[in-house]
Amino acid sequence: MRHLLSTADLTREEAVELLDTAEAMAATQQREIKKLPTLRGRTVVNLFYEDSTRTRISFEAAAKRLSADVINFAAKGSSVSKGESLKDTAATLQAMGADAVVIRHPASGAPHRLAAAGWTRGAVLNAGDGTHEHPTQALLDAFTLRRHLRDGAGDLAGARVAIVGDVLHSRVARSNVHLLDTLGAHVTLVAPPTLLPVGVEAWPCATSFALDDVLPDVDAVMMLRVQAERMNAAFFPSEREYSRRYGLDARRLRALPGHAVVLHPGPMNRGLEISADAADSTRAVILEQVTNGVAVRMAALYLLLTGGEEAA
Ligand code: CP
């Protein structure tokens, strides 16, 4: 693996290796070994053209816990506002010696372009590109599911996962559908017809418009953020109607099987796609997802930068 651009590129073996390596990284953190020397002397650049809390901080924490040097670049306040292109920004960062570039960009395909055009010699990790993919989010979701449903080992064969809400704008949904399918899980996308993408019939999953029909038969339900910043009002019912038909609330929590868990990638719109009591319930593993994100990103940086050949 040279780059991590899309979960659609991962084989089952590569995905399980990433999850197993993340378990090993998490174990080091639990033993209070806060810092590993593995990436000493390497430089990781966080190149963020879109806002982020979880992903940016998590990649920074992951790189630092592997002893890498970290350069944080936010487009806001940089020469991007003067018209500098991605190519020239990447060349500038390369001149400072980037071994890995973690990129979030509003344009779908920007990380692929960075990698394919050779604008950086470093490994490229996609931290979310437009409405396309968010592979490390899907990996941390799979890691969290594997811990709850499979004791943290192997794949997710046979697990039933509903992904609910604004699928149209969700890079999290697309990355999860590909990864969960590769790991053997059965995914059902639940959304209003206007919030399912064109061509979804070709995705390796089922679709439904009726959340109440799906909930009693799942092992996990993943609520998606309604992306107001990308939304065309014509696609969206009123907030009240959306919540009534597609929101997870206390009544719908009770419809889930006893063992089922609730995920959300964050940030949440409390009261819209998820009620406060659902978000804060004992079934919600939302903060575990955040914690697990650091171990998963440590694993991704470690495998990409060392090929798994240096001791972690
Ligand atoms: N889940 C996620 O990508 O969150 P941030 O936008 O805060 O990084």
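Cβ atoms are placed via backbone N, Cα and C, with glycine included.
All annotation found in TrEMBL is predicted automatically rather than curated by experts.
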Further carbamoyl phosphate ligand in TrEMBL, beside R54, T55, H134, Q137, G266, P267, within candidate set R104, R160, R240: R104
Residue among binding-site residues H134, R225 with least C-beta crowding, 10 angstrom cut-off: R225
Which of T55, Q137, the listed binding-site residues, has fewest other Cβ atoms within 10 Å: T55
Assigned conformation of R104 (carbamoyl phosphate binding site) - DSSP reduced to three states: strand
Filtered binding-site residues, from R54, T55, K82, R104, whose Cβ is under 6 Å from an atom of ligand 1: R54, T55
Which binding-site residues sit within 10 Å of R225 (L-aspartate binding site) - Cα, from R54, T55, R104, H134, Q137: none
Most Cβ neighbours inside 10 Å, all chains, among the binding-site residues G266, P267: G266
Packing count at R171 (L-aspartate binding site) (other Cβ atoms within 10 Å of its Cβ): 24
